[in-house]
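J.: Quick one: the structure is below, and I'll ask about it shortly.
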């Protein structure tokens with residue numbers, strides 16, 4: 001789910017004109033569009049189920065729920081922008097698209113939002129990893145910490161992307177046909193202001209994905225190590241509490257490892273593919289186009305996989321452990337802050 005699918009960061013308009021005489025033609029991206037909808041819409045349903053579950057549960061997941069709900073809102077907005085103005089145009093289903101969405105301030109804002117929301121998604125994923133790490137490493141003080149800093153942390157998610165997207169307001173975006181006489185469009189731009197120090201979109205995306213992937217790797221490795229230590233300490237418990245904690249801790253380890261894997265895999269893949277796009281720009285159009293398509297689905301991994309992992313480790317699993325959970329949480333020896341969704 002990515003506006004990175006086809007954006008050209010260094011394109012210039014053709015003097016022959018932006019709007020060409022094009023016609024509908026079947027394209028493989030139309031099949032990709034259907035596949036995209038088939039896995040994205042159910043993922044948002046899983047997001048919603050997780051949010052409902054976390055809202056109803058009276059446990060120490062309140063601040064995670066705030067962060068998770070914010071991530072859900074960002075992804076919904078990214079889905080709308082991406083579907084309407086990137087994946088649908090590139091599929092070739094819309095003939096004469098430039099006549100429907102002409103150049104102007106509206107298209108500039110859309111182009112800005114497409115990149116802005118991608119960066120916001122990167123930072124939101126990183127915040128989720130940090131939140132989980134803190135809840136495991138500091139189970140007794142993390143609530144007071146997030147009570148003070150959850151609002152500033154969420155604010156940073158929306159502020160930091162401006163550092164790498166502000167220059168897009170100097171662009172004049174428009175839809176350009178990818179092929180002669182075919183209705184496959186991509187959003188490209190020409191610059192209105194000649195400023196030499198403007199950040200390059202491709203370089204900024206590559207740097208941000210590498211940096212944040214390192215942060216996520218470190219946070220999740222620390223989380224997994226801490227859970228390993230928790231497993232050993234839980235062995236000292238007895239009776240029903242011991243059985244429940246063994247089952248829950250195994251689920252926590254699998255969940256955290258899976259989330260770490262998909263998030264890190266997504267960001268690393270995006271960094272690699274973005275680097276390849278920069279390398280092959282102007283030299284190999286086919287390789288560059290393939291990397292652009294793959295990069296879009298790499299971001300989809302980070303958006304669509306975590307809700308399913310959380311769903312099967314919270315909503316679904318909770319149905320089979322709710323009775324034991326009630327008994328354990330009533331005991332004084334087990335801190336509730338070690339719950340997977342803290």
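Placement of Cβ uses the backbone N, Cα and C atoms for every residue, glycine included.
Worth saying up front: this structure is predicted, and the values here are computed from it rather than measured.
This is the feature table in TrEMBL:
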- 33-50: transmembrane segment (TRANSMEM)
- 62-85: transmembrane segment (TRANSMEM)
- 105-128: transmembrane segment (TRANSMEM)
- 149-169: transmembrane segment (TRANSMEM)
- 202-225: transmembrane segment (TRANSMEM)
- 254-280: transmembrane segment (TRANSMEM)
J.: Go through the chain and flag residues at least 6 beyond the ends of the transmembrane segment (62-85) whose CB is under 8 A from any CB in it; none is fine as an answer.
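T.: Residues packing against the transmembrane segment (62-85) from afar: 1-3, 5, 36-37, 40, 44, 47-48, 50-51, 54-55, 101, 110, 113-114, 117-118, 120-121, 124-125, 127-128, 131-132, 135, 143, 146-147, 150, 153-154, 157, 187, 303, 310, 341-342.
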J.: I need to check the long-range neighbours of the transmembrane segment (105-128): which residues 6 or more away from its ends have a CB within less than 8 Å of a CB in the stretch?
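T.: Sequence-remote neighbours of the transmembrane segment (105-128) are 2-4, 7, 64, 67-68, 70-71, 74-75, 77-78, 81-82, 85-86, 153-154, 156-158, 160-162, 164-165, 168-169, 171-174, 187, 189, 201, 205, 208-209, 212, 215-216, 219, 263, 267, 299, 302-303, 306.
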